[in-house]
Structure formats: C-alpha cells, structure tokens
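Colleague: Below is the structure I would like to discuss, written out as structure tokens.
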Amino acid sequence: MKESINILAIESSCDETSAAVVINGREVLSNIIASQISTHEKFGGVVPEVASRKHIEVISAVVQEALDEANFTLDDIDAIGVTYGPGLVGALLVGLQYAKGLAFATGKPLIGVNHIEGHISANFIEYKDLKPPFMCLVVSGGHTFIVYMKDYGEFEVLGETRDDAAGEAFDKVARAIGLGYPGGPKIDKISKEGNEEAIKFPRANFHDDTLDFSFSGIKSAVLNYLNKKEMKGEEINRADVAASFQKSVVDVLVDNTIKACMSKKVDKIAVAGGVAANSCLRETLVRECKKKGIEVLIPPFILCTDNAAMIGSAAYFEYIKGRRTSLDINAVPNLKLGER
C-alpha cells in the first residue's frame, strides 16, 4: 500500500455542503464548508427541499475549492469518500450522486461513509495518537449515542435516544422561548445569565439498567412550564428556563457516558457532534471525568459540526480495511451505526 493515502471527501447530509482532502485519516489539507444557517434561520429550522437546492448550487465550487486549497488535482486522489446516511434524503443524494459521478469519471474507488462514524472519526484528526478502544459520546441535531469503539470501524452502541436527539430538543426549546435557530448556541449563550437551579425539569433518562435517553419528556415539561406561566400572566425568565433545561440534558449525558466508560473499563471519552460545542457539556464532562480519572477528548468546533474532513478520516479507515462501495449505492436516510 502507498505510504500516503489521499482521500477526497464530500458531506451533504443536512445543511452544510462540505468537501475536504485528508491524508491517512489524520492530516487535513483542506476542509471547505458552505453553511446554510442564514438561509434556514428565517424558517426556524432546516427546510429539506431548500437544503437540497442549495447543495446543488454550490457543490461543484466547494469540491474544486477543496482540491485547490490542498494544491491537488483529481489525479492525486486515491479514493472518494462520501456520506450516504443518515440524514435528509434529498441532501444526501446531492453529495452522493456527485461523488459517484467523480468516481465513475476518474476510475477512483468510492467509499460510502456513515455520517455518525464520521463524527467519531473527527477525533482522529485532532488527536493524532488516539487509538481504540475508547468511549464516544455523539451529540448533534439529529443524533445522540454513547458508542464503544472497539477498533477502527467496529462499534457497540451502549446508549441512544428513544425519541428526540439532544440537539433537536435544544432547537425546539429555543424556539419556544423565542431565541430562534440554531437553538444550541443561543441556549448556551443565554444560559450564562440564568440560574440552572431555578426550575426543576425532569432528567432525560430511564429508571432501569439502560443507558438510553429520552428528551421528549423534558421538552414537554418546558413547554408546559411556559404555558402555565403565560396563562397566569407571569413573567418568564428566559435565561433561567434555558439554563435549567440545559442542565437537565447535560447531567444525564454526562452521567450515562461515565457509567458506560466504567462498564467497559476504558479511560478515554471522545466527544463528537455539534452539541459538543456546548460550554456546559464540556465543563461538566471534564469536571466529572476528572474525579474518575477519565480523559476527555473534544475536537475544536469546526470538527464538531458537519464537515467533510471527518468523512475523509472515516473513509481512510474503511479504505485500509479493503472496503469499497459499489456505484449502485443509494442514500440511506435512516442508516444505523455499524450498518453497511
């Protein structure tokens, strides 16, 4: 095998169009991201059809910019990695079809990547010496998982949400208290002005041995609290609501992840996904893990949000295991972690 494996990666699962050039799964030469946040902000959330159209408008330019920034041409690329699920089906198809076209035209192998595996692999970019096994908490707008990474490309899901993802709950609560979209960063910001002990919202876990989560209950509790306040004509302290809600979510994320770590006897927790940028989650996880002698690994914000560099990293580890993807592959919007 060549000393350096160069992956061109494409990500379009939701509202970011991204392309990157990644060497050997850990070195990023370029990571171009065209965000649609301003486009969807006025709608209060991502509109799937609008997202797909925006991907179509910019994908060619984004891929070319990624190659140019890396000072590469397609001749320098060994394989093309692309997200094929989970995500919005229309958005996924834009990136997938573009990648398939490139693979067909150049004769380069295609490697389909699970978006969640991509989030986990973002840690290999930031932490060059990181190797499995370790625990990973994946928290984003559409996904919440506690994952035991046994080996490269080998996962065991120990806990997951049974309804809303953590990021989805953040967005819905932010909308309810008039903060707008995207909810996660706005709740994080206003929470710093609030009292996290002001309101006792329920914790988002189950009273059994499972490490699963349920965020629909806490979301409903917040909405009920707001409705009662409005019916009584009482003032609503948005900062207190945001801080109390955030604490109830973060506490169960941290507690369950530490329990998972102890059960598998691993001393590293890697965090992935957009909600990993939340300052309360970061601070609480680091503080509580320090008490248990567990190291916490959190990539920078650019690698926590959806980006193609993480897809390039995951594609590399698939490539060296000899895995290739047929050009007949289709988008799988509900793809499960570990499925191929």
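Just so you know, glycine gets a Cβ as well, placed from its N, Cα and C.
Since the structure is predicted, the reported quantities are computational estimates derived from the model, not experimental observations.
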Colleague: Quick check: of Asp267, Asp306, which does Swiss-Prot put in the same Fe cation site as His115, His119?
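Modeller: For the Fe cation site that includes His115, His119, Swiss-Prot also lists Asp306.
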Colleague: In Swiss-Prot, the substrate site includes Val138, Val139, Ser140, Gly141, Gly142, Asp171, Gly184, Asp188. Which of Asn24, Asn31, Asn278 does it also list there?
Modeller: Asn278
Colleague: Neighbour count, 10 Å Cβ-Cβ cut-off, for Asn278 (substrate binding site): what number do you get?
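Modeller: Looking across every protein chain shown, the total is 26.
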Colleague: With a radius of 8 angstroms around the mean position of the C-beta atoms of His115, His119, Asp306, what other residues of the same chain does the Fe cation site pick up?
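Modeller: Neighbours within 8 Å of the Cβ centroid, excluding His115, His119, Asp306: Glu11, Ser13, Thr83, Gly87, Ile116, Gly118, Ser140, His143, Gly273, Asn307, Met310, Ile311.
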Colleague: Report the same-chain neighbours of His115 (Fe cation binding site): residues 6+ apart in sequence with Cβ closer than 8 Å to its Cβ, ordered by sequence.
Modeller: Glu11, Ser13, Thr83, Gly85, Pro86, Gly87, His143, Asp306, Ile311, Leu335
Colleague: Long-range neighbours only, meaning 6 or more apart in sequence with Cβ under 8 Å: which ones does His119 (Fe cation binding site) have?
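Modeller: Those within reach of His119 (Fe cation binding site), by Cβ under 8 Å and sequence separation of 6 or more, are Val138, Ser140, His143, Ala272, Gly273, Cys304, Met310.
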Colleague: 10 Å Cβ neighbour count around Gly142 (substrate binding site)?
Modeller: 21
Colleague: Whole number in angstrom, please: the longest C-alpha to C-alpha distance across Val138, Val139, Ser140, Gly141, Gly142, Asp171, Gly184, Asp188, Asn278 for substrate.
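Modeller: Taking every pair among Val138, Val139, Ser140, Gly141, Gly142, Asp171, Gly184, Asp188, Asn278, the longest Cα gap is 18 Å.
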Colleague: State the three-class DSSP label for Val138 (substrate binding site), counting H, G and I as helix, E and B as strand, and everything else as coil.
Modeller: strand
